[in-house]
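Here is what Swiss-Prot says about this protein:
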type	residues	note
BINDING	Asp74, Asp76, Asp78	Mg(2+) binding site
BINDING	Cys75, Cys92, Cys99	Zn(2+) binding site
Amino acid sequence: MIELDFEKTGGLLPAICQDAETGEVLMLAFMNKESWEKTLETGMATYWSRSRQELWTKGLTSGNVQKVKEIRVDCDDDTILLKVEQIGGAACHTGHRSCFHKLVEGDKLTVVGEPVFDPKEVYKK
């Protein structure tokens with residue numbers, strides 16, 4: 001079993017999610033030991049939701065799942081890089097392909113790119 005340093009950071013490790021083909025950074029989430037093990041077991045990106053305090057397999061609600069193609073770990077064993085196939089087109093809950101869809105321009109943020117889906121329709125909120 002691969003042992004990562006979950007203790008150093010209070011039980012949660014940052015997990016960077018990147019498109020396996022293009023290299024585009026899709027999102028940053030957090031993994032605890034349980035979500036790490038579930039990701040390894042299932043091949044589907046599973047994170048720890050800090051707001052809901054529960055495991056969160058990406059895309060179960062929206063259909064925008066992340067199939068893990070490769071996993072890398074940093075030199076200190078406390079940061080995870082998931083290279084994924086983003087199925088469904090969008091990684092962000094706002095409907096955008098990437099969570100990094102805000103561009104800093106001087107003293108303001110500008111949204112770049114169009115949403116792939118309408119979150120109101122998908123999440124019924």
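The backbone N, Cα and C atoms fix where each Cβ goes, glycine too.
Remember, predicted model here, so these are calculated numbers, not experimental data.
Feature map: annotations from Swiss-Prot on the structure.
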residue : record              : DSSP (3 states)
Asp74   : Mg(2+) binding site : coil
Cys92   : Zn(2+) binding site : coil
Cys99   : Zn(2+) binding site : coil
Please list, in sequence order, every residue of the chain apart from Asp74, Asp76, Asp78 whose Cβ lies within 8 Å of the Cβ centroid of the Mg(2+) site.
Asp5, Lys8, Leu13, Val73, Cys75, Asp77, Thr79
Rounded to the nearest Å - Cα separation of Asp74 (Mg(2+) binding site) and Cys99 (Zn(2+) binding site):
22
Using a Cβ-Cβ cut-off under 8 angstroms and a sequence gap of six or more, which residues of the chain neighbour Cys92 (Zn(2+) binding site)?
Leu26, Met27, Ser98, Cys99, His101
Please compare the binding-site residues Asp74, Asp76 by how many other CB atoms fall within 10 Å of each one's CB, and tell me which has the fewest.
Asp76
Binding-site residues listed as Cys75, Cys99, least Cβ neighbours within 10 Å:
Cys75
C-beta crowding around Asp78 (Mg(2+) binding site), within 10 angstroms:
16
